[in-house]
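Have a look at the structure below before the remarks.
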Amino acid sequence: MSYLREVATAVALLLPFILLNKFWRPNSKDSIVNDDDDSTSEVDAISDSTNPSGSFPSVEYEVFLSFRGPDTREQFTDFLYQSLRRYKIHTFRDDDELLKGKEIGPNLLRAIDQSKIYVPIISSGYADSKWCLMELAEIVRRQEEDPRRIILPIFYMVDPSDVRHQTGCYKKAFRKHANKFDGQTIQNWKDALKKVGDLKGWHIGKNDKQGAIADKVSADIWSHISKENLILETDELVGIDDHITAVLEKLSLDSENVTMVGLYGMGGIGKTTTAKAVYNKISSCFDCCCFIDNIRETQEKDGVVVLQKKLVSEILRIDSGSVGFNNDSGGRKTIKERVSRFKILVVLDDVDEKFKFEDMLGSPKDFISQSRFIITSRSMRVLGTLNENQCKLYEVGSMSKPRSLELFSKHAFKKNTPPSYYETLANDVVDTTAGLPLTLKVIGSLLFKQEIAVWEDTLEQLRRTLNLDEVYDRLKISYDALNPEAKEIFLDIACFFIGQNKEEPYYMWTDCNFYPASNIIFLIQRCMIQVGDDDEFKMHDQLRDMGREIVRREDVLPWKRSRIWSAEEGIDLLLNKKGSSKVKAISIPWGVKYEFKSECFLNLSELRYLHAREAMLTGDFNNLLPNLKWLELPFYKHGEDDPPLTNYTMKNLIIVILEHSHITADDWGGWRHMMKMAERLKVVRLASNYSLYGRRVRLSDCWRFPKSIEVLSMTAIEMDEVDIGELKKLKTLVLKFCPIQKISGGTFGMLKGLRELCLEFNWGTNLREVVADIGQLSSLKVLKTTGAKEVEINEFPLGLKELSTSSRIPNLSQLLDLEVLKVYDCKDGFDMPPASPSEDESSVWWKVSKLKSLQLEKTRINVNVVDDASSGGHLPRYLLPTSLTYLKIYQCTEPTWLPGIENLENLTSLEVNDIFQTLGGDLDGLQGLRSLEILRIRKVNGLARIKGLKDLLCSSTCKLRKFYITECPDLIELLPCELGGQTVVVPSMAELTIRDCPRLEVGPMIRSLPKFPMLKKLDLAVANITKEEDLDAIGSLEELVSLELELDDTSSGIERIVSSSKLQKLTTLVVKVPSLREIEGLEELKSLQDLYLEGCTSLGRLPLEKLKELDIGGCPDLTELVQTVVAVPSLRGLTIRDCPRLEVGPMIQSLPKFPMLNELTLSMVNITKEDELEVLGSLEELDSLELTLDDTCSSIERISFLSKLQKLTTLIVEVPSLREIEGLAELKSLRILYLEGCTSLERLWPDQQQLGSLKNLNVLDIQGCKSLSVDHLSALKTTLPPRARITWPDQPYR
């Protein structure tokens, strides 16, 4: 009991610190403002220390700008803010007009509290503003409370000495304040100014180039925050100074050569920590930096392309989804052309023998001099293969004895040294740990606050492991010291729940009496698990491997172990009925689409967790699986003709998850009976796969769930009746896309503990009655009733944070915590709250001050027009809350204009879709949206002009990144004229789409394209372009990656397109121009990978020299592909479809000239001879092949070239005349085989015994192959791997 009391005490003491277990590093430089001479210089804000510090809880902003608007808003502050945005640094910019009342508002306080770096711009009038002084005092206070925060002042045309001593203009300001504020307040303000004046910062004089200084400030700020993800705990830094010094020496930072350093050592020795510390120390010396962790796991799971995209996105500061390549060769090309030109630092953490530097990054010689690469691995042999690239090796060895003792003491005693009476024991323990940091931390945490006897027992166990080479047995000592319940939780996480949210496992563990609340904290204290920001479980890979090894060592036979996480072992256990009472948990993570009969579960009396994707259960389950707690069968399918599931009486079930399922059998395949019998259920998630099967699953009669349920979620399930009468414990109720005839047993108002209720797109006869008293639910935070037309709510719960509804909201002004509001298809419309001219507390929007997102869809907006001289007969100025960051208005019939949007200075995204149906007018107000980043306007009838767009684009603070305008038939003007003047540049614009606006005068916008120098994606489907030179402006877009150009018949003068040599980054080109005859200069586009030509009915020839992917379709007059035989050796993807005049025979015969081709599609082309296809057998790199022919190719009866395509993974053949396919059995890599529509096919393999050779086959579709014999089909069932999903000519195979 004393041990438990100590644990409880430790929990109470450590819980606040556990919850803040990530730390962030501040700058450590001294002030550059010299106290002696009062001079200043620009700061070199680069941390050269590895001293740790923590991360901030709930950080929202990276930078907080404090300034006096009249002094700097239109000058330096805008320069700086725009520069910070270009660096994608999330910045809070304060304005005087945001401040109201006598104190700093809660929103501003929250912004200060949730920022990491403060940048006060101290100007001559800064102290004149009480708001600025209040802000500065609060900033200083927060920084003093938390030294991790950084203050980087900017002295704007003022003397820092005046700031420090409050002389000059500041003395006058404080004289004025002295008459209005008490002495203590004045002193606090002076102290804040003095502290900031003492700090180093930037000094801006009259003749300084403010834009250049703003960029310098941004770059230095970025050097701070770019290290944020390299978090190092205090204890991680113990003992690594020698490692850092050694690695820095090998990196030879003064050398002009590209240098690689490989760190190797056993798991848990500190390789990653050393790499992070070196990264933190030197990253500021490089143009760009990137740290990629978990290489081994990521490459095995997702492939090298994911790693390449992460590298490119980190270095270029772009979204990984827009990097412009989808295969490893494209990644290497992008890295060579766009990344290698920077001086970069790249850390590749935890590589194994599968990693090849050249496969991911290309040759090190491609990178600019002084670039550096750090690679970590457990194996010296793996790094030894890099020696040809002059990789310098360094072994990260064990910690020294003094450092080991220090690290151990931090965990065992919460101090740097042991107490005198524990000193001998502590030294003895350290001697047994071999200087392994992970072991020292785990064992130290184990012994924290333990009695001497426990220390002595642990020491004896450690001494028994002295001769072991691996960390397993040392770490296992900490595992052995856990209580039995904590052991079960630890092994469950290691085997099944890493990366998963903790909520549902808690239910299972609670029912098993594992006490998860206390034991999870206990495991965190012991450094054995972590819980992430999203409540997901995390675990060091060494501890994960140890946990799984513990399970493996339980028995040499998998079916005699407690947990099975291998699909192969799980399938073998069930199909061969090898179950035993030792098995507690089984997971079959990937789909097997197989039937498991009840006898497969014999002897599994202790099984408590079963997860099997696409499996089906049949038979009599009476007295089977009595202890099952968790049953999860995603993509479960049970039809009317399938064997039934009977006597499913698992009374101890806690969690049932049947998502993406399709159950059509009577009594729902036995599941309804199970629901009745499972009296202890806590979580039920049922969802039919409506998108796949096109219809909902039906639950007949009245369904009653056990009264124990706390989470009930049903999606796309049709029900006669649901009884909620006894579900008093519900916390979450989701009934989405569920037609319900009746909800019985009471009303939702009686569910007092309900936190989330979703009734989206539901309808039923009494839905209105059961929601009538929902306003009583004080605990409800999320309510979604959109599409539920029968729902009418007179009063919404006051504590809501998120509301989606199709009902009127009579008490909107009382929803003070509301952050997200969506109104969809409300028949009564949405009553736009009137705003008072003074915007005082009588305004509804002023009260709902936390609202961030407003979506009005398919709803009439009810407004009152103010008819007076000041309003001009329009709506009040402040009609929408200024807190909004996202506004979407879709198919809202009124009003016929958007009032008040010019005031939405925080708005980042505006979507307008189909709302101007009755308007013959304009959209105005864009000029005021200074934070706007995304603008989408689609299908807006009656919209003639977009006013304010030019003013927005010409603003020096313009942040617009993406602009889409489509399907606006009445639009005649975007810009009244092209953007002129040398100073007008919109560097933020990255994507521009203009489509289907037939009356639009697009010329001014096209001629303005050079003003968008960073434009990466351009999509133009426009009319009325009559001159080829009108398109010349596109050629100036040097950053362009993707270009789509579609012109109609009104642009008949466009017969030739000349590709500019400046488009060196263009990877994708899509052209749809009927009048086009020729494209010149394609050979100049060195990065072009994908070329799509569709509807170019006049096109006659193509020069294709550097192409990676060619897709040609719908070009009936195309007859020739020039130079294809010798000029496209780099081609990787080729698609030809619907080109009847193209001589495809010569093209096919030239395919051997494309040695890198890995994807080939020939669809609806004219092939008349079988021997024309033989050449395909020479394409040894081919990964995917699709051959689709129609009845005109009736001579193709046999395919015999496949046996040489050993890398082929996907084969799609649709040839009606085909009778035989040779060589399929030799395709060892084949995973997907589609033969749909091969109506004459008689057999797949000459020898049925060869079927078993396709070990990797996952999908076989032979639907439509009506000529296959019964014997052939029977052989398929018995010889193909169990995982293979087969679609038969008439029905799916189980």
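Yeah, the Cβs are placed from backbone N, Cα and C, and that goes for glycine too.
The feature signal peptide is assigned by Swiss-Prot to 1-29, with sequence analysis given as support.
The region 'Disordered' annotation in Swiss-Prot covers 34-54.
Sequence annotations record features per position, and here Swiss-Prot assigns domain 'TIR' to 59-221.
Annotation comment: Swiss-Prot describes ARG68, GLY69, PRO70, ASP71, THR72, ARG73, GLY101 as NAD(+) binding site, evidence class similarity to another entry. Sequence-distant neighbours of ASP71 (NAD(+) binding site) (same chain, 6+ apart, CB under 8 A from its CB) are ILE121, SER123, SER124, GLY125, TYR126, TYR156. The DSSP secondary structure for ASP71 (NAD(+) binding site) is helix.
The annotation site 'Important for ADPR cyclization' is assigned in Swiss-Prot to TRP131. Using a 10 Å Cβ-Cβ cutoff, TRP131 (site 'Important for ADPR cyclization') registers 20 neighbours.
Residues annotated as active site in Swiss-Prot: GLU135. Around the Cβ of GLU135 (active site), a 10 Å sphere holds 25 further Cβ atoms from the protein chains shown.
Across the domain 'NB-ARC' (241-480), the prediction's mean pLDDT works out to 82. According to Swiss-Prot, the domain 'NB-ARC' annotation covers 241-480.
Under the heading repeat 'LRR 1', Swiss-Prot lists 246-268, citing sequence analysis as support. Same-chain residues lying 6+ beyond the ends of the repeat 'LRR 1' (246-268) with a Cβ under 8 Å from its Cβ atoms: 274-275, 278, 281-282, 285, 357, 364-365, 367-380, 382-383, 386, 389-397, 436-439, 470-471, 475, 540-542, 545.
Here the repeat 'LRR 2' (468-492) has Cβ contacts under 8 Å with residues 266-268, 432-434, 436, 438-439, 442-443, 445-446, 458, 461-462, 505, 509, 512-516, 519-520, 522-523, 526, 528-529, 542-543, 545-547, 549-551, 562-563, 585, 609 of the same chain, all six or more residues outside its ends. Annotation source Swiss-Prot lists repeat 'LRR 2' at 468-492, citing sequence analysis.
Annotation source Swiss-Prot lists repeat 'LRR 3' at 604-625, citing sequence analysis. Counting only same-chain residues 6+ beyond the ends of the repeat 'LRR 3' (604-625), those with a CB under 8 A from a CB of the stretch are 492, 496, 508, 512, 570, 579-598, 631-638, 642-650, 1285, 1294.
For 626-650, the entry in Swiss-Prot reads repeat 'LRR 4', with the evidence type sequence analysis.
Feature annotation from Swiss-Prot assigns repeat 'LRR 5' to 904-928.
For 1012-1039, the entry in Swiss-Prot reads repeat 'LRR 6', with the evidence type sequence analysis. For the repeat 'LRR 6' (1012-1039), same-chain residues at least 6 beyond its ends with a Cβ under 8 Å from one of its own Cβ atoms are 318, 322, 985-998, 1000-1003, 1006, 1045-1048, 1050-1060, 1062-1065, 1072.
Per Swiss-Prot, repeat 'LRR 7' is recorded for 1063-1085.
Here Swiss-Prot flags 1086-1109 as repeat 'LRR 8', drawing on sequence analysis.
Here the repeat 'LRR 9' (1179-1203) has, by DSSP, the following mix of helix, strand and coil residues: 5 helix, 7 strand, 13 coil. Under the heading repeat 'LRR 9', Swiss-Prot lists 1179-1203.
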Where GLU135 (active site) falls in three-state DSSP terms:
helix
Surrounding residues of the repeat 'LRR 11' (1254-1278) on its own chain - C-beta under 8 Å, 6+ positions past either end:
1209, 1219, 1224-1225, 1227-1244, 1248, 1284-1289, 1293
Which whole-number value in Å describes the distance between the Cα atoms of ARG68 (NAD(+) binding site) and GLU135 (active site)?
11
Using other CB atoms within 10 angstroms as the count, which residue among the binding-site residues ARG68, ARG73 scores least?
ARG73
I'm trying to understand the geometry here, so how far is the Cα atom of GLU135 (active site) from the Cα atom of GLY69 (NAD(+) binding site), in Å to the nearest whole number?
14
Taking only the binding-site residues GLY69, THR72, ARG73, which one has a CA atom nearest to the CA atom of TRP131 (site 'Important for ADPR cyclization')?
GLY69
Which residue counts does DSSP give the repeat 'LRR 10' (1205-1229) for helix, strand and coil?
3 helix, 7 strand, 15 coil
DSSP-wise, what's the residue breakdown of the repeat 'LRR 1' (246-268) into helix, strand and coil?
6 helix, 6 strand, 11 coil
Residue counts in helix (H, G, I), strand (E, B) and coil for the repeat 'LRR 6' (1012-1039), per DSSP?
9 helix, 6 strand, 13 coil
Binding-site residues (GLY69, PRO70), the one with most neighbouring Cβ atoms at 10 Å:
GLY69
Around the C-beta of THR72 (NAD(+) binding site), how many further C-beta atoms are within 10 angstroms, looking at every protein chain?
24
